[in-house]
Ligand code: FDP
């Protein structure tokens, strides 16, 4: 079969009525920016891009040089094309308006420019995550409040994982598709159409070092997985934790599995509501996973149904193979019911 390039795929999606010309251009621009990020990531120490930038982001986390570079690449690429009304990033407190000298479009873009950044310096996969929303019709200067739309309204979501291969995963709400970067040619080529996550799995991803801080239903659920053939589940489970959400989710889209970043006592004690960000991590990943037949929840509710309250809001994230997510969510709801 003849290879299908990303551009060709976008034209097919336009003809099918799934996207308009502006959204197609937006995805092309994001993909092009991610190719530039891939080049910077691949240079490693030779590009002088490793290590801390010496600044903190809006969440008070130390920024890596590559966080800052990736953010700038995405902002610059998206400023002038006329497809965006504004963009928002993990690395910036407020949304970035489109400069006055450029035309404005109807879309809002949110991104985590370099997810898993604590893995950069050790040469482990990192990635970019993005989500696309429609700008409300009557809004000329979008503010943070205009981004606060539930995940169900996303027009597109995707991520790029910078690993042994650079891979783009994309959904417009009509299945989840994967493109692999052909480095010689410089274009993304369709490598898997309509990815499906198996309903059952025997592999889970979680940071086990947080175990003692988890809530009781999480302790129960993971305890049962760890008990293996000797426990109530009657089968052994394997564990993987890359600690780059993009890489862990990509494994799930490749061979099934589940990913958990639950609420824990330390997060609650600090007045927090989770570790991962709703608008540019949980929502796009939930959209991608659901479109591949998987499930995504906070442990209590479907992620895509949440009404966001802040641009940098954090939530617990459970996602992957449907049967496991349903069971873990059931344990939490049951425990809540028992308490209430
Ligand atoms: P990071 O802080 O390195 O950017 O987005 C946050 C994230 O990575 C996810 O990519 C990853 O799944 C998780 O945090 C890793 O958390 P731990 O440090 O608890 O392992």
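Glycine is treated like the rest: Cβ placed from N, Cα and C.
Keep in mind it's a predicted model, so treat the numbers as computed, not measured.
According to TrEMBL:
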BINDING   90, 112, 114  Mg(2+) 1 binding site
BINDING   112, 115, 281  Mg(2+) 2 binding site
BINDING   115, 116, 117, 118, 207, 275  substrate binding site
DOMAIN    6-191  domain 'Fructose-1-6-bisphosphatase class I N-terminal'
DOMAIN    197-332  domain 'Fructose-1-6-bisphosphatase class 1 C-terminal'
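This view paints the features noted in TrEMBL onto the structure.
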{"residue": "90", "record": "Mg(2+) 1 binding site", "Cβ within 10 Å": "25"}
{"residue": "112", "record": "Mg(2+) 1 binding site", "Cβ within 10 Å": "28"}
{"residue": "114", "record": "Mg(2+) 1 binding site", "Cβ within 10 Å": "31"}
{"residue": "115", "record": "Mg(2+) 2 binding site", "Cβ within 10 Å": "28"}
{"residue": "116", "record": "substrate binding site", "Cβ within 10 Å": "21"}
{"residue": "117", "record": "substrate binding site", "Cβ within 10 Å": "23"}
{"residue": "118", "record": "substrate binding site", "Cβ within 10 Å": "13"}
{"residue": "207", "record": "substrate binding site", "Cβ within 10 Å": "13"}
{"residue": "275", "record": "substrate binding site", "Cβ within 10 Å": "19"}
{"residue": "281", "record": "Mg(2+) 2 binding site", "Cβ within 10 Å": "27"}
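Residue 118 (substrate binding site) sits 14 Å from residue 112 (Mg(2+) 1 binding site), taking the Cα positions as reference.
Cα-Cα distance from residue 112 (Mg(2+) 1 binding site) to residue 275 (substrate binding site): 14 Å (rounded to the nearest whole number).
Residue 117 (substrate binding site) sits 14 Å from residue 281 (Mg(2+) 2 binding site), taking the Cα positions as reference. The Cα of residue 275 (substrate binding site) lies closest to that of 281, out of the binding-site residues 90, 114, 115, 281.
Following the DSSP three-state reduction, the secondary structure of residue 117 (substrate binding site) is helix. Counting only the Cα atoms, the space from residue 115 (Mg(2+) 2 binding site) to residue 90 (Mg(2+) 1 binding site) is about 9 angstrom. Note: the CA-CA distance between residue 281 (Mg(2+) 2 binding site) and residue 114 (Mg(2+) 1 binding site) rounds to 11 Å. Rounded to a whole number, the distance between the Cα atoms of residue 116 (substrate binding site) and residue 90 (Mg(2+) 1 binding site) is 12 Å. Within 8 A of the CB centroid of the Mg(2+) 1 site residues 90, 112, 114, the other residues of that chain are 67, 70, 71, 89, 91, 111, 113, 115, 117, 128, 129, 280, 281. A Cβ within 8 Å of the Cβ centre of 115, 116, 117, 118, 207, 275, the residues given for substrate, is found for these other residues of the same chain: 119, 243, 244, 245. Across the structure, residue 207 (substrate binding site) and residue 114 (Mg(2+) 1 binding site) place their CA atoms 20 angstrom apart. In this entry, substrate is bound by 115, 116, 117, 118, 207, 275, whose most widely separated C-alpha atoms sit 16 angstrom apart.
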